[in-house]
Amino acid sequence: MPQYNRIVLKLSGEAMAGKQGVGIDLDVINKIANQVKKIHDLGVETGIVVGGGNFWRGRDAQTIDRATSDYMGMLGTIMNALALQDALEKLDVNTRCQTAIEMKAVAEPYIRRRAIRHLEKGRVVIFSAGVGNPFFSTDTAAALRAAEIDADVILLAKKGVDGIYDSDPKFNKDAKKYDSLSYQEILNKNLKIMDATATSLCMDNKIPLIVFGIDKEDSMYDVVCGKFLGTVVS
Ligand code: UDP
């Protein structure tokens, strides 16, 4: 039985990339789409916020104006959204892609009430272009959309790691995984799981977050069904 009626799933760009960490790996996207279909088949209303770090991260550009660079990053999220939409539609999952930067020929503009209506009608809604403004992240977009559509939980899917650790498990084999944490602890311990804006937004709006690893097959389904995986933040 699913534990949630309405969720926001945050997929980082990295989660959609291949081994090199850049671009789109279609096998990976298809696997993600299969997992999304499974939770959609349970009747869970699903909104997906896609990242774009597999194409461009605004802050990494040294010589481009930061706002311009951030807009480039937001455009990357739209490419990910379209690839995911295509993979889902091929599995007969009804979807709508909305974008925070108007691009009418490509996707619907983000309209909150319309997004909610799509979810109620059983369509998976893919939110792209973050919040539509530079100097923000798609994690913040996930927190914002979750608050706006009144989601029960944010599922933060991570690649290569299965929860929140006290130090980076890729570099420290003694890193300790947290089962649960509060948002305040994330801020106090300066844990780099989400940026501070996204963390504060979740905290202020009391939206629970589950950080889990997407590499394991069916992990998304298991998390939605309440099987304990990853780290719960509340
Ligand atoms: N971005 C932005 N505003 C937003 C969301 C994203 O400017 O509301 C830009 C920013 O440059 C960011 C890039 O888009 O680096 C890709 O998004 P993000 O880094 O959040 O993607 P992820 O790390 O999840 O792949």
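A Cβ is built for glycine as well, from the same backbone N, Cα and C atoms used for every other residue.
Bear in mind that TrEMBL entries carry predicted annotations, made automatically and left uncurated.
TrEMBL lists ASP70, VAL131, GLY132, ASN133, PRO134, PHE135, PHE136, SER137, THR138 as UMP-binding residues, and of the candidates GLY52, GLY122, GLY160 the one it assigns to that same site is GLY52. Put simply, ARG57 is the one of the binding-site residues LEU11, SER12, GLY53, ARG57, ASP168 whose Cα lies nearest to the Cα of PHE135 (UMP binding site). Reported as a whole number, the C-alpha separation between ASP168 (ATP binding site) and VAL131 (UMP binding site) equals 28 Å. Shown in sequence order, GLY58, GLY73, MET74, ALA129, GLY130, THR140, ALA141 are the same-chain residues outside GLY52, ASP70, VAL131, GLY132, ASN133, PRO134, PHE135, PHE136, SER137, THR138 whose Cβ sits within 8 Å of the Cβ centre of the UMP site. In sequence order, VAL50, GLY51, GLY52, GLY53, ASN54, PHE55, GLY76, THR77, ASN80 constitute the residues six or more apart from GLY13 (ATP binding site) in its chain with CB-CB distances below 8 Å.
When DSSP labels each residue, the region 'Involved in allosteric activation by GTP' (18-23) comes out as 0 helix, 0 strand, 6 coil, counted as helix, strand and coil in that order. By the rule that a residue counts when its Cβ sits under 6 Å from some atom of ligand 1, the binding-site residues LYS10, SER12, GLY13, GLY52, GLY53, ARG57 yield SER12, GLY13, GLY52, GLY53, ARG57.
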